[in-house]
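Record features (TrEMBL):
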type	residues	note
DOMAIN	34-276	domain 'G-protein coupled receptors family 1 profile'
TRANSMEM	23-44	transmembrane segment
TRANSMEM	56-75	transmembrane segment
TRANSMEM	95-116	transmembrane segment
TRANSMEM	137-155	transmembrane segment
TRANSMEM	161-184	transmembrane segment
TRANSMEM	222-243	transmembrane segment
């Protein structure tokens with residue numbers, strides 16, 4: 001039966017519980033520093049080149065992913081460890097599920113917002129800054145969180161299994177539909193802009209090339225993010241179908257599907273910061289300056305002087 005949690009009272013295999021706990025620890029250790037670095041890079045902006053609508057949406061996505069690393073993954077560790085040890089689970093499973101669904105919805109909708117951002121930047125470059133001002137980005141980001149929190153309360157009425165199906169067929173499919181539409185439009189617009197270069201003067205043509213080249217690089221970076229999103233979420237949707245419709249499946253398989261579905265979605269939270277550092281030079285420079293902050297440099301110099309002094313005294 002659809003949404004039936006017939007295996008809810010059947011404990012998961014011990015090996016599965018401890019494996020999921022271990023994976024949750026790894027995801028947390030990767031997600032926290034990476035997403036925190038992205039947030040600090042945009043907020044502090046050490047090189048004064050990260051304040052733009054695209055990066056504001058990136059920081060909104062990083063904030064959702066940071067919550068996954070700081071709260072969802074640690075709660076998952078506690079839950080699966082208790083489950084594997086066959087002891088009373090000290091954290092209500094509803095808290096883990098609610099945080100999981102809220103952050104997932106915010107992540108998916110932030111990706112949809114990034115998709116629209118790229119669409120406007122490529123198809124309407126002259127009106128882009130006007131249409132996506134900082135105030136409008138802030139409003140959209142707030143609405144994303146309000147909707148994510150409100151929508152997730154449906155889980156309390158229909159349960160985990162049924163809600164995963166609802167989530168997969170609303171937020172995920174909505175984002176995929178937006179992706180397909182905007183990708184086609186972006187590709188056509190970029191092709192048209194390249195053709196228009198020939199009709200411009202050399203100076204204007206060079207400026208246009210630089211602008212389009214930069215926008216293409218950001219867009220390619222974003223497409224890599226979306227590819228990673230699909231690589232994590234599409235298998236997750238398959239596991240959702242197994243949980244909801246596979247009647248002859250054993251409870252062990254249902255538990256494996258449950259954990260893999262959660263792990264794949266959480267794993268996506270730790271991937272994006274590496275994409276920014278790999279693809280975008282301004283993020284790379286910001287990361288380096290944040291990691292090599294003054295107090296750290298002074299501390300290294302202080303240690304170096306102490307070592308030199310100690311070596312000198314030993315020599316004498």
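All residue numbers here begin at 1 and follow the chain in the order shown.
Every residue, even glycine, has its Cβ placed from backbone N, Cα and C.
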The transmembrane segment (161-184) vs the transmembrane segment (23-44): 3 or more CB pairs under 8 Å: no
Close approaches to the transmembrane segment (222-243) from elsewhere in its chain (Cβ under 8 angstroms; 6 or more beyond its ends): 54, 108, 111, 114-115, 118, 161, 164-165, 168, 172, 175-176, 179, 183, 249, 253-254, 257-258, 260-261, 264-265, 267-268, 271-272, 275, 279
Same-chain residues near the transmembrane segment (137-155), Cβ under 8 Å, at least 6 residues beyond its ends: 53, 56-57, 60, 97-98, 101-103, 105-106, 109-110, 113, 163, 166, 170-171
Intrachain neighbours beyond the transmembrane segment (95-116), with Cβ under 8 angstroms and 6 or more residues off its ends: 54, 57-58, 60-61, 63-65, 67-68, 71-72, 75-76, 79, 140-141, 144-145, 147-149, 151-152, 155-156, 160, 163, 167, 171-172, 174-175, 178-179, 182, 222, 225-226, 229, 233, 262, 265-266, 268-269
Per-region confidence, the domain 'G-protein coupled receptors family 1 profile' (34-276) (mean pLDDT, whole number): 85
